[in-house]
Structure formats: C-alpha cells, structure tokens
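What TrEMBL annotates here:
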ACT_SITE  HIS274  active site, proton acceptor
BINDING   TYR24, TYR128, ARG163, HIS274, ARG277  glyoxylate binding site
BINDING   77-79, SER106, GLN126, THR154, LYS250, SER272, 305-309, 328-329  FMN binding site
DOMAIN    1-379  domain 'FMN hydroxy acid dehydrogenase'
Amino acid sequence: MDDGAFAGFSEQARRRLPRLFADYIDGGAHGERTMARNRAAFGQWGIVPRGLRDVSSINLATQCFGRSWALPVFLAPLGFAGMFHAHGEQGAAYAAHKRGVGMGVSTFSIAPMEKVAATGADLMAQIYVFRDRALTRDMLERARACGMDGIILTIDTAITPVRERDMRNGFRHLSRPTATQMAGLLRHPSWLYGQVRGGAMPNVGNIAGYTGSRGVMAQARDVVAQIDAGLDWDDLAWLRATWGGTLVVKGIMHPDDAIRAAEIGADGLIISNHGGRQMDPAPATLDVLPAIAQAVGGRVDIMLDSGIRRGGDVVAALALGARAVSIGRPWAWGLAAGGARGVGLVLDTLAREISDVMALAGLPDIAAVRAAGRNALWRF
Ligand SMILES: Cc1cc2nc3c(=O)[nH]c(=O)nc-3n(C[C@H](O)[C@H](O)[C@H](O)COP(=O)(O)O)c2cc1C
Ligand SMILES: CCCCC(=O)C(=O)O
C-alpha cells in the first residue's frame, strides 16, 4: 500500500506493534479494493502550478462545523487507539491541541472520554448507537458533561464485514488471547511494557461500564455486536431532537443521503467509506465528493476522509468542495511509532506539504483554494 508521506511512520508502527494491532490498523474489508481505490482516486488529480502571485505567507487556518482550526485536518475517531501506544488517545488529543486541530473520540476509545477531554483539546464524541438506547443517552450525557459540544454519528457500520487480516489474527473473534497472539505480544516487549505500565490493557475504558466482559478482546467483540443494525432516519431525527450541540453524520457516500441528513438538521457531513474497512467495493470518497457538494449546495459543511496521505490530496479535496479532511491510519501510525510526539510529527508533515502545494499553486489561504475550485486542478 502507498502510505505516501507517512511511509516512515507506518513502517515503524509495523515494527513496534504486535501483528494483531498492526493488521487491525492497516486492513480493510474483503478484497481491500476500496482501500486501494481511495488512493488511486487522488492520483487522478493534479494541481496546476501558478506563479507571480504573492505567496510570501501561507495561512492554513480553517473553519469547519462551526469550529476554528489551524489546519484543514482533523484526527478521525479510531477505536482501540490506546492499544497502539501507552500515550493512548490522550497523547493524540494532546498533539491535536498543541497543533490547533480537532479530534474525534471513538465510542471504542481505550481511554474514557473524560480523560481525553482533560487535555483541553477540541474534541467531538463519535457515537455508535447501541441497541439499548439508554447506553447511547448515557454516552451523550457524558459527552455533554465533559464539555464536548459536538458529536459524530457514524452510519456506515450497520454490520462489520469480514476483514480477512482480523479473521486470520483472531482480532475481535476471540475472547481470550491464543498462544500465537500471546507470543506476538511477547515479541514486542517495549510495547507490552508500555501497555502494562499505562494500565490501558485490561479494558476498552470508554465503554467498560456497559459490558460485563473483561479484557479488550472480549469487550471489542461484545460491543461491536451491540451496534444497532436497525438504526434508521427516524433515529437520526431522534438524535437531532436529543442533542442540542453540533451533529455531524459520518459515512455519507450518496447525494440523496447527504440531502436527507441536511434536511433532518445535521450540521455537517463526513464523506467517508471508513478507509475501505466497511463496504468493499465502494467508490473512492474523492470520486463522490463533487456530486455531494453540489447536492448540499453549501447548506452544511463537508469533511472528507479515506486515503488522505499527501498535502496534494488535501488541496484536491478542498478544491472539489470539502471544508476539511480527516486522517485515520496516519495518526494511528504516528501514535504507534512515537506516542504524542509521533502524532504531532504526522500533523507537521501534512501541514508542510499542504503549505508547499498551496504556495506553488499561488493559493495563499484556504478561501483561495475553495474559490479556485476546479480551476486549480488538472484531471489526468
Ligand atoms: C484502526 C481504525 C479504527 C477505526 N475506528 C473507528 C471508530 O471507532 N469509529 C469510526 O467512526 N470510525 C473508525 N474508523 C474509521 C476512521 O474514522 C476514518 O473514517 C478512516 O480511518 C479514514 O481513512 P484513512 O485511515 O485512510 O485515513 C477507524 C479506522 C481505523 C484505521
Ligand atoms: C465497527 C468496528 C469497530 C471500530 C471501527 O470502526 C473500525 O475498526 O473501523
């Protein structure tokens, strides 16, 4: 796979992590064709160099979902991220805070959201709606109580499809580690030491109170099975009526769904195919972006994720109608490779490339990128 600007981070992450977790991060659904297509779609667009424009200062400041960030980049919600490094979700949130960007906290965060919120970062709680709505109500209450004024409802996980690498490794398919898994953990003593010292290992802390099971693997299996496949548009309306803050719907891939979510009162959309981890084969997110942007016509802000690996990818997405992008695996790799510092370096790497591309395209700020639109782009 082409990990773009993050190849060094992903290589190191694969060295540091037991295979169980490295494969969980890297893998996708079924034949992993969507994952490959996400990357290929960015390869279809060039950005045309322009000169003789004043680019002596490049400003990456961005507004999206009613928030202000220093970069048009958001850290996507990632389940079980605390298993990738002892700094865990708090480490990532700390890095996001330092760089002035936002972050989604997964329902399946190893650290309870209250601890992540204590970093002071601009966070949104990602919500998987459970069959037992009382659990969801409780999760919303907790988000509100720890000062989060935005939630992200993920709608592309009605079921979890086969992910062959996870099946092979027994991720989420077993409740107790096998001998092979144990041997894999023991072959990574510095990772293991960090986990034991950090105390994250025993629980998916954010939902530990909602499951009777012990241990990350058993809890992962049980809570993923709790996700309500019966979720429908009425539930979105219910959530809209229940939650007074910002409501973003993640996993939109069709213009009709984008329009419907906007009509129900969502404040924002994330165009996402879950990084190729859910539907396979799905179209690339970049390929569906123009039609969705046209359908919503500026009524709600659009963020895009799945396959962002270069600054040029970000600029292309913004020129085609996104207000910001989010990154998933890149920050997982950064965290695994170097904790909070690694996530910070991932953000710095991307910021540098975005700035390079904008300067050479004669686009000094994000408004200029959006205004230039397709005029800045070349379709190969
Ligand atoms: C390890 C991992 C865990 C994820 N867990 C969640 C999750 O708990 N909730 C969610 O909405 N999306 C989850 N996602 C999807 C991401 O939020 C995001 O949509 C995706 O990673 C973007 O693609 P990219 O990894 O190519 O950047 C996960 C992705 C990865 C790689
Ligand atoms: C529903 C699967 C659990 C977390 C997740 O969203 C992912 O691994 O992609």
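A Cβ is built for glycine as well, from the same backbone N, Cα and C atoms used for every other residue.
Model, not experiment: these values are computed from the prediction.
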Annotated glyoxylate contacts TYR24, TYR128, ARG163, HIS274, ARG277, maximal Cα-Cα distance (Å, integer): 19
Listed binding-site residues with Cβ under 6 Å from ligand 2, out of TYR24, GLY79, GLN126, GLY307, ARG309, ARG329: GLY79
ARG163 (glyoxylate binding site) versus GLY307 (FMN binding site) - Cα distance in angstrom: 17
Residue among the binding-site residues PRO77, GLY79 whose Cβ has the most other Cβ atoms within 10 Å: PRO77
Protein Cβ atoms within 10 Å of ARG163 (glyoxylate binding site), excluding its own: 23
TYR128 (glyoxylate binding site) and ARG309 (FMN binding site), Cα-Cα, nearest whole angstrom: 26
Binding-site residues whose CB lies under 6 angstroms from ligand 1, from PRO77, TYR128, GLY307, ARG309, ARG329: PRO77, GLY307, ARG329
Cα proximity to GLN126 (FMN binding site), best match among recorded positions TYR24, ARG163, HIS274, ARG277: HIS274
Neighbourhood of HIS274 (active site, proton acceptor) by C-beta distance under 8 A, where only residues 6 or more apart in the same chain count: THR154, ASP156, THR157, GLY251, SER306
Conformational class of TYR128 (glyoxylate binding site) under the three-state DSSP mapping: coil
Cα-to-Cα gap, LYS250 (FMN binding site) vs TYR128 (glyoxylate binding site), nearest whole Å: 11
Packing count at GLY307 (FMN binding site) (other Cβ atoms within 10 Å of its Cβ): 30
Listed in sequence order, residues with CB under 8 A of TYR24 (glyoxylate binding site) and six or more positions away: PHE80, ARG165, ASP166, ASN169, PHE171
Separation of alpha carbons, TYR128 (glyoxylate binding site) and PRO77 (FMN binding site) (Å): 11
